[in-house]
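Student: Pasting a structure here, questions to come.
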């Protein structure tokens, strides 16, 4: 195989999430549903394509320990047979690596699928509807927005955005919101939940004006959308502005990190909708820049994040005046829409306490992997250099012209990955808690830029929720601690029907959780309740049950022996 000099980095010697610094022999295992074919049937020379940078073949580093591939239907790669000879296996892995580089060169100029303006979306049936915590009949899925009861104005906005076919969550959510029901919309990330509530609310605002003669007023919005982060607020606000070009309503954004005075000025203008973060909106209410009196529609986007990450007190503080107002005679009350990509039992309990009687509308994909995403699990024994392993996974993907997100569990891990990749001439941008809000926005712009030189985003779980990014490949340098974080991370790719890939580097301590997640993905089962702690409890219970079984068998055996001893006649 071709070998080129590489820069050896002796600075990093990591424990825990970083892995070891040694190099060892690894094995490759591809899933059994791939086409069986031997790569050793003939000797072939692989010609390397031309690259803007020299491809790296690591000297002395034998590729990864165990790769388990969960492939989508109609796979296009071949399955390698199990090879016991170390030399042959090393050659096999090197050939696979070179093949990926070759394939990448062929497709580097190909246009990547759009996450929002792609062709008609494939609608999957099987939606679940729950009201008062009771499951009802599945809603009918349709092939056109016109069948959902949307007005011509709203349809014009969809036409301008290039969207013609509703997704599953839009099919079940839009009619319910138009009917005035308070609902929770649960579906996987990238499934179109923002439009599922924004389209009907825009239509309801226009209907109220026409039927009741309502006029818009300064500081008195009729719709409020609460988001956990500034970045999500900006995305939702952009969607609202796009729809308002046709449906004609006025919206503004007030979120943390922005200057107060411009936000105050925007609230003093006649407005229909306010989009923002809970803390900043409460601050404007306390300062008298915004009042509750006319609020009729309330949306909590990423409600699972809100209740799971300490926003509970702010949410309750915001809801209290609305509930007091709604309890008065002749008050029409307000309609609530909650949006979530995951729904744990703990979060559902909090929601049931705050929003009694809310209807749960869940798609069949909630807590399941997205069908168009491929999931690979690379298991490390602990002796490999984890950073070098990341490099082997990342470089072929970049050679294809992909946008890649690299997830880390901690700030220190994120810094180390960023430094290592920079040392290896891979340009990156960062997204984590220590990056100032303004810089995070700038970094996202660089990452999204098709002509930019920063196709790799190194981030923590701060980037796992709410960001609408066109990402081809998600790499988990550190494996998450629970399945909810796994789902949110993987939701950054394969959005709105586009294809995507997820690669996880699995350290020895992460194997139990990763194995359970992998099994659930293969069986298309829900990942809702999987976590490190729950799996430890399951293992402990299994051991206790096993021990009880052993003790019971020993007791029975002992009793039988004692019984036989009593029946044996004594010699005279």
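Each residue's number is its place along the chain shown, starting with 1.
Each Cβ is built from the backbone N, Cα and C atoms, and glycine gets one as well.
Whatever TrEMBL says is automated annotation, not expert-curated.
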Student: Write down the single range among 114-142, 143-171, 172-200 that appears in TrEMBL as motif 'Q motif'.
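Tutor: Result: 143-171 is the stretch TrEMBL calls motif 'Q motif'.
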Student: In TrEMBL, one of 104-136, 203-235, 236-268, 269-301 is tagged region 'Disordered'. Which stretch would that be?
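Tutor: Range annotated as region 'Disordered' by TrEMBL: 104-136.
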Student: Helix, strand, coil: count each for the residues of the domain 'DEAD-box RNA helicase Q' (143-171), based on DSSP.
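Tutor: Taking the domain 'DEAD-box RNA helicase Q' (143-171) as a whole: 18 helix, 0 strand, 11 coil.
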